[in-house]
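> A single structure is presented below for examination.
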Amino acid sequence: MFSVVDNPFSDIFCVIGPRVPEGNVPIIIHECGLFTWPTLKKTIAFEYECTLKVKCQQLLRVAKRLFTQVASLETLLQIAMEQAKLLTKAEYCSVMLIDVEKMELYDSCPLFQDDSHERRFPLGVGIAGEVVRTGSLINTRSAKDHPSFNPSIDSLPNINCRNLLCFPIREQSGIIGVGQLINKINDPYFDGMDEEMALAFSIYCGVCIIHSVVYQKIQEAHIRNALANELVMYHMKVSDSEVTRMLSCTGYHNHPHLSSLHFNPRALPLRELPCYVMKMFADLGYDKRFNIKPNKMARFILYVKKGYRDVPYHSWLHSFNVGQWAYAALVNYKLVAQGFFNDLQALMFVLAGLMHDIDHRGTTNSFQINGQTNLAALYSSEGSVMERHHLAQAMCILNTEGCDILESLPRRDYDRAIMMLRDNILATDLANYFKNFNEYKVISMDYQKGNRLHFSALQCLLMNAADLSDQLKDWGSVKKTATAVLTEFFKQGELEKMRGDNPPLIMDRDKCFIPDLEIQFLQSVCLPLYDLLGRIIPKAAPCTKIIENHIERWDASKPVFAEVPITAGLSVLLSPELDNLIELNLKEKERKEKERMENPGDSQTSVAENDK
């Protein structure tokens, strides 16, 4: 028995059929050992040093690679896992980080291409949890026999975990995650050298992870700063004189149909819309109920107005329209009196309607993501790029001195109000609506007041109903809305063509047949939406009839649009003759339907002849 680099070694001599007396065998072995052991010790030590040198060189190369990938945490973790496998000759490796807020371990970097979901586990579960708790490395030769082994966290799907080396990943403040090396290749277990390499690797890995997180925060700060500067440059500050002028306005602000669900805001002078917003809050009594001073309310409204860009559709006029419909829904559907909303929820419904599209650039989420814009860089990982930007700008205004209209709320109510504002604005992303549509459908069949999940569904339905309420106006207003939306769409389509992309059909003025687009939108989005809303709030049921009437008119307009080049669609939409031609087509359709009803036999004969 002897020691090499603090590790015990033993030599075993096996003598078979000795030709000398057996009593001499131990003496001969001892004498041979005296000559061979020093050489053997030096040979083993030399091999160890050679192996250590190779491992250190590998480790330095790994560190170099890791430090060049701090710009992307996901890429960094992928490389870290690959390099850890190479260092220790492991079949699999996973790196899990600690979510301090939720007290969970999460694996956000999928090990397999078809695994796109983030795995999360409670912070005390499995061998990984024990490593986090104790801060010590665990090397188990038979993972399944370890008392803390948990296959959901300490193994991988469809993988037979034979042996496992689990080590903590540290930085100066403590443990930030754990690494797991699974199944040693061509060996029954991980040895001491593997343990040393894993611990050395974990130090470099921890430093790189922290640097990556800090780097991403710096990048986000730069992007936020750029967006904030852009917003400041684009918009002007609200002056005291503007607030005074608004408060002293002597205009007539008592339009008899302001509280109508079908009111057309284009009937109001654009300059007086801020005054009508104040009137809506006064009519609801929320200025007094929530102790909002007139000058603060006026400044807030003017800031919101200036927060909207001069784009064809998603402008201040659209904001007012959505806020007005939210106000009208509260009045006509009696949402508070019927117990659907409380006063705070109703207030945030109207506020979200006014602020839900602040600083809209006239482009969609997909345009931002495909164009790799600053907004996409900041919000794409969370989804709903534009909606999150609108929320950020809304919060910016609410936190501006003189605009903090929610300051009188108790802290608990204030936090709830902000959460409702977030949920309301994010709900206007139709991608979220479609994703949850089946859930909303089930809830609408048996809506229960007081159920938090049911309230969230109603909140989403009402926000989208308000956002799409232009489709509930008279036909003339619907045409103007379609013109504004399509103008915005076609501008985006031109931008996409300029950067070498093929725009979607609805964005391409050279391919978009307007009546088909409008009918598809009304049938696939608006009708199901207002149908669900009508099941929960019976007074909203007539909305579906209005949508059906508009579908009928768009269908009757098809022959008119078909007579001109497809690129002239907007010109047809703006033509004063369009309504007359639609009426003629509707009358002709009605006449044919009447004849069919009066002469069912002739109709069947005609159909049979056509089939021949």
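Start at 1 and count along the chain as shown; that gives each residue its number.
Using the three backbone atoms N, Cα and C, a Cβ is placed for every residue, glycine included.
All annotation found in TrEMBL is predicted automatically rather than curated by experts.
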> With His356, Asp357, Asp467 listed by TrEMBL as Zn(2+) 1-binding, which of these, His318, His389, His550, is given for the same site?
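Looking at His318, His389, His550, the one TrEMBL places in the Zn(2+) 1 site next to His356, Asp357, Asp467 is His318.
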> Could you pull the average pLDDT for the domain 'PDEase' (238-561)?
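Per the prediction, mean pLDDT sits at 94 for the domain 'PDEase' (238-561).
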> The compositional bias 'Basic and acidic residues' (589-599): which same-chain residues, six or more beyond its ends, come within Cβ distance under 8 Å?
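Long-range Cβ neighbours of the compositional bias 'Basic and acidic residues' (589-599): 556.
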> Which residue counts does DSSP give the compositional bias 'Basic and acidic residues' (589-599) for helix, strand and coil?
10 helix, 0 strand, 1 coil
> I want to check the contact list for His314 (active site, proton donor): same chain, sequence separation of six or more, C-beta distance under 8 angstroms. What comes out?
Tyr308, Asp357, His360, Gly362, Glu488
> Around the Zn(2+) 1 site recorded as His318, His356, Asp357, Asp467, what other same-chain residues have a C-beta within 8 angstroms of the site's C-beta center?
His314, Ser319, Val322, Gly353, His360, Thr428
> Near His356 (Zn(2+) 1 binding site), how many other Cβ atoms are within 10 Å of its Cβ?
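Neighbour count, Cβ to Cβ under the 10 Å cut-off: 27.
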> Taking the Cβ of Asp467 (Zn(2+) 1 binding site) as the centre, count every other Cβ atom within 10 Å, in any protein chain shown.
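Looking across every protein chain shown, the total is 24.
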